[in-house]
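Undergrad: According to Swiss-Prot, the record shows the following:
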{"type": "ACT_SITE", "residues": "172", "note": "active site"}
{"type": "ACT_SITE", "residues": "221", "note": "active site, proton donor"}
{"type": "ACT_SITE", "residues": "291", "note": "active site"}
{"type": "COMPBIAS", "residues": "311-320", "note": "compositional bias 'Gly residues'"}
{"type": "DOMAIN", "residues": "28-192", "note": "domain 'FAD-binding PCMH-type'"}
{"type": "REGION", "residues": "202-227", "note": "region 'Disordered'"}
{"type": "REGION", "residues": "307-329", "note": "region 'Disordered'"}
């Protein structure tokens, strides 16, 4: 019995072998996963975490695929993708408990259905709630740390809620315990003017359409903004707005967005990222930090010149998926 057979036997849920990942990411780049798993519930998620630990199989977590770049060679081991809905979702007053796999785009409407507001900043953000909670996603209207009260974390030993105050939330990051995976997210909202909330979200969406390249595959902002600066302005200032490598390009619309013109490779994308970091560092003395999480089997030469966050696989709670399992059958 292979490790993939054993995981399928031990973990209730969906299991796809050699699953293409490019269609499951926002930038539409990357190779396949050895095994893509979608556990049926929290118990199955813990069973998966136990199985990969005992079998020595690497694990990566894929949310909605935003801010994620998958290697051209794909991802070794298991790629975990949570269901859009988990048993145990609930609404109690202004408190909502939602699956980490829930698409962000649906959440404001779900809150509005209960007369609640406070998630307007999520209206234009792609991906899943768990990914947004892990990276403290946000816009000019707010960020996740403003509404998250607790995260339910799954480990090989089970699941349990951890208060947000214990997770070290900061700009575009939080500190999850090693090996933990977000299963559900608890947010605290408040009653308010739903019509005004919807109008604010429409206004923000229109602004994004006018200023961001939303008509092409992109993982969103590539770099975090340095203190007192804008990464897009820096990339444009060093002459890279509209610069192309292969079929990837620094967008002519917004210079902090890499877009896929069709058939781009991860190597194309990383070449643009390395070039921008080098030029900005040389001219301004600023070391740009990526928002993009790398997943999979990258070559060492592709990772040269990247900041530690990207080269290590980025987002908390997931391995990079670049190490081969004991056998890959």
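The backbone N, Cα and C atoms fix where each Cβ goes, and this holds for glycine too.
Since the structure is predicted, the reported quantities are computational estimates derived from the model, not experimental observations.
Thinking about packing and proximity, how do these listed features fit into the structure?
TA: In this structure, residue 172 (active site) belongs to neither helix nor strand by DSSP; it is coil. Taking a C-beta cut-off of under 8 angstroms and a sequence separation of 6 or more, residue 172 (active site) has the following same-chain neighbours: 135, 136, 137, 138, 224, 291.
All protein chains included, residue 221 (active site, proton donor) registers 20 other Cβ atoms within 10 Å of its own Cβ. DSSP gives residue 221 (active site, proton donor) a strand state.
Around residue 291 (active site), taking its Cβ as the centre, 23 other Cβ atoms fall within 10 Å, counting all chains.
Residues 25-29, 65-69, 120, 123-126, 139-141, 171-172, 234-235, 251-254, 256-261, 273, 276, 286, 288-292 of the same chain, all 6+ positions outside the region 'Disordered' (202-227), place their C-beta atoms under 8 angstroms from a C-beta of that stretch.
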Undergrad: Taking DSSP states H, G and I as helix and E and B as strand, how many residues of the region 'Disordered' (202-227) are helix, strand and coil?
TA: 10 helix, 5 strand, 11 coil
